[in-house]
2 protein chains.
Amino acid sequence: MNWLDQVKWDASGLVPVIAQEQGSNDVLMFAWMNREALGKTAELGRAVYFSRSRNKLWFKGEESGHVQTVHEIRLDCDNDVVLLKVTQLGHEPGIACHTGRHSCFFSKLEDGQWSAVEPVLKDPESIYK
Amino acid sequence: MNWLDQVKWDASGLVPVIAQEQGSNDVLMFAWMNREALGKTAELGRAVYFSRSRNKLWFKGEESGHVQTVHEIRLDCDNDVVLLKVTQLGHEPGIACHTGRHSCFFSKLEDGQWSAVEPVLKDPESIYK
């Protein structure tokens, strides 16, 4: 049985994916994959997601240069969520977020409000030329 | 504006949630919340999810005793994914998974197969009596 057949794809043929930084264990981002994206990720050793807004494969870093090398692919107990251990390339420290931040999870609930608590490491306008 | 209004709930009124262990930064589990669950989580300082299979609030640990204390609630750049920083209570080391393991992400892709690479810390039959 192919390992891809053991993943429980949702009604849209997708699975949620968490990208975690190897070493720091920081959660960098959350995205989706279809079967082809997960297959390509394993084959290439780099993160390939499925963009729901553009309805096509999204080779992470294809525009920004912020490619993710994939060290491990994990699956959860229900076979319906994937966790990647990655190295975030293209900038030091790594930038996973399109806002130019290390992680997409930069908003923190404080006193009943969402506050941006992580710095912008690079101006997004200079990332997406 | 209420902070809960800033969350982009999906068509089912849910948002994906990642639970990450404070300190180790291990990703423990992935689940869903509706508006009420996220409000309760913030109010009580403990993780309250929404069970899609049981279609009701799921006070994490209500059966197992494996309650999660919530230290931080974060939101991603698209306002549609939540990240919790938690302490996993009820066992040392913490057990987040219903299989009796520390984390739900215990299956690792190795040589084209999913292999369980994390130990069972407690027999599930003795967790769910």
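Heads up, the Cβ atoms here are built off N, Cα and C, so glycines get one too.
Features as listed in TrEMBL:
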- B:D76, B:D78, B:D80: Mg(2+) binding site (BINDING)
- B:C77, B:C97, B:C104: Zn(2+) binding site (BINDING)
- B:29-106: domain 'Phosphoribosyl-AMP cyclohydrolase' (DOMAIN)
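Shown here: features listed in TrEMBL, placed on the structure.
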residue	record	Cβ contacts under 8 Å, 6 or more apart
B:D76	Mg(2+) binding site	B:V82, B:L83
B:C77	Zn(2+) binding site	none
B:D78	Mg(2+) binding site	B:K8
B:D80	Mg(2+) binding site	B:V7, B:K8, B:D10, B:V15, B:P16
B:C97	Zn(2+) binding site	B:L28, B:M29, B:S103, B:C104, B:F106
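The secondary structure of B:C77 (Zn(2+) binding site), as reduced to three states from DSSP, is coil rather than helix or strand.
Taken residue by residue, the domain 'Phosphoribosyl-AMP cyclohydrolase' (B:29-106) breaks down under DSSP into 10 helix, 31 strand, 37 coil. All protein chains shown were included, and the count of other CB atoms within 10 Å of the CB of B:C104 (Zn(2+) binding site) stands at 24. Within the model, the domain 'Phosphoribosyl-AMP cyclohydrolase' (B:29-106) carries an average pLDDT of 97.
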